[in-house]
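Colleague: Below is one structure. I have some questions about it.
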């Protein structure tokens with residue numbers, strides 16, 4: 001803003017809101033005004049929720065999930081099959097797979113993918129924690145559910161190499177046509193994979 | 001989420017973030033995870049800023065601007081020409097005009113537009129406050145800068161009618177071609193207005 005038109009506290013709020021992914025400088029101003037208009041219903045409760053999250057949030061020492069307890073809700077859920085671990089890149093992937101609701105298993109969050117160009121090596125990811133979990137025993141299957149990107153696949157290969165001697169079954173997500181997807185819009189790689197992995201009707 | 005995968009405090013944070021304009025349920029989850037990852041740089045400071053704003057925010061009793069002091073930064077700025085008042089619908093319009101930086105005047109925020117269908121009458125807007133400000137005297141010009149919508153124009157007419165006896169000069173924003181705009185994409189009303197208000201080169 002060229003000249004100050006409001007208090008420094010409100011400008012600070014706008015500056016910080018602009019750093020939230022999905023909001024830019026313009027939508028941060030709009031968001032701040034909306035929050036102020038809904039002071040009792042939104043601004044107060046949201047500030048309180050952020051404060052609570054700030055003080056209570058923990059990274060699960062077992063799987064790397066974000067929670068307010070450690071071990072996390074997923075790791076301490078006795079109704080889950082804790083002998084099957086789905087390995088994901090990020091917490092958001094864990095949450096996405098849980099929304100699908102197809103499995104009722106444990107998870108392991110790597111915290112990224114191997115990327116030599118960005119200086120991300122195996123020691124920067126939560127791979128040692130995974131090896132430790134598998135080494136303890138009692139794990140029946142590892143489902144590698146990393147993204148189907150070059151880095152994701154390289155990471156999947158590295159993990160498979162490291163764990164192959166431990167005698168655990170390692171699987172990966174199927175490649176194929178997304179449900180609801182149109183063939184015309186899919187790339188050649190996906191179509192080739194879908195043809196190769198065709199199933200009997 | 002089908003099953004709980006994280007603590008109730010974090011789910012609450014996601015629920016509230018989803019109510020911020022510009023964020024939906026999906027981007028709220030992404031925002032929450034980003035905030036947690038940037039706990040020290042973003043989550044903590046943003047929670048604190050919201051708390052500060054919650055406790056300190058005030059609506060300026062003179063012009064209706066949002067600030068932490070009353071009268072607000074704009075109303076108490078002695079370097080502004082307080083004899084010229086730009087009348088706007090919303091605080092966001094005040095801030096937008098200030099970013100343009102073309103004028104150095106006072107403002108008056110109506111808090112909406114007349115809209116009989118939505119049950120918004122003159123008593124629901126900050127029109128009485130405007131009449132009081134003008135009645136006290138010392139105001140040289142009112143610039144009506146409401147949106148160029150039907151409701152905005154109706155509101156402009158109403159205000160002009162009410163204030164015309166007070167002997168203050170009342171102006172409105174010019175209609176015309178937006179700077180950088182292409183004629184081909186403009187509506188007939190704007191083109192007609194731009195032609196009628198043509199100026200000598």
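Yeah, the Cβs are placed from backbone N, Cα and C, and that goes for glycine too.
Automated prediction, rather than curation, is the source of TrEMBL annotations.
Sharing the features that TrEMBL gives for it:
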- B:60-75: zinc finger (ZN_FING)
- B:83-178: domain 'Toprim' (DOMAIN)
Colleague: Restricting attention to the domain 'Toprim' (B:83-178), give the mean pLDDT.
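Modeller: It averages 93.
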Colleague: Going by DSSP assignments with H, G and I as helix and E and B as strand, what are the residue counts for the zinc finger (B:60-75)?
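Modeller: Tallying H, G and I as helix, E and B as strand, the rest coil: 0 helix, 2 strand, 14 coil.
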Colleague: How do the residues of the domain 'Toprim' (B:83-178) split into helix, strand and coil according to DSSP?
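Modeller: Tallied per class, the domain 'Toprim' (B:83-178) gives 42 helix, 21 strand, 33 coil.
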